[in-house]
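Swiss-Prot lists 34-223 with the feature domain 'RNase H type-2', giving sequence analysis as the kind of evidence. According to Swiss-Prot, the feature divalent metal cation binding site maps to 40, 41, 131. The region 'Disordered' annotation in Swiss-Prot covers 209-229. As annotated by Swiss-Prot, compositional bias 'Acidic residues' applies to 220-229.
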């Protein structure tokens, strides 16, 4: 079945306070869709490593307190909520490697990871809320793209936390294999430390060679355009 957006509001651009709650999930439930999953990704901007997506179905009676956009939380708080989410919710995680990103593009790789996370949920979702502008193609249920969804829906916020913590842990492990770049400190983003590592050692197998700064590095160490996100 081809995914579709809500006919009355496919994208949300309203001016409601950016505090995540459960209203969108309850609206979908009222329309006959249950359970509702939230989905988000982490790692679209880095120069190295995978993009990681997560899908989360929260238990309405056991929603962890303090869920929010992962970027608004400290690393310690994300880790705490990550443990709580895994203990109380249905969670699925998928990723697209740097090779996959280079073979397609970051948008397609992100949506593919999100689709696989949603489709791998142990409890099939009846409806999906995704962060951003797109609902992944190839789903078996309808979905709604929510602009700034990780600040509006607790389900999307939970997914953003799971994706972020998972990716950060992956990059910390990658640091043990490729210690010259400082992946544990910046998770692959274009920091000064990362730029220095690329200039000195060249790119490794985790780098996204389709990203313009890395394409330049193949011809010479021109890192001026690497701007941290």
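Quick reminder: no glycine exception, Cβ is built from N, Cα and C everywhere.
Here the features listed in Swiss-Prot are painted onto the structure.
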residue : record                             : CB count, 10 Å
40      : divalent metal cation binding site : 32
41      : divalent metal cation binding site : 27
131     : divalent metal cation binding site : 26
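According to DSSP, residue 131 (divalent metal cation binding site) is assigned to a strand segment. For the recorded site, residue 41 (divalent metal cation binding site), the DSSP three-state label reads strand.
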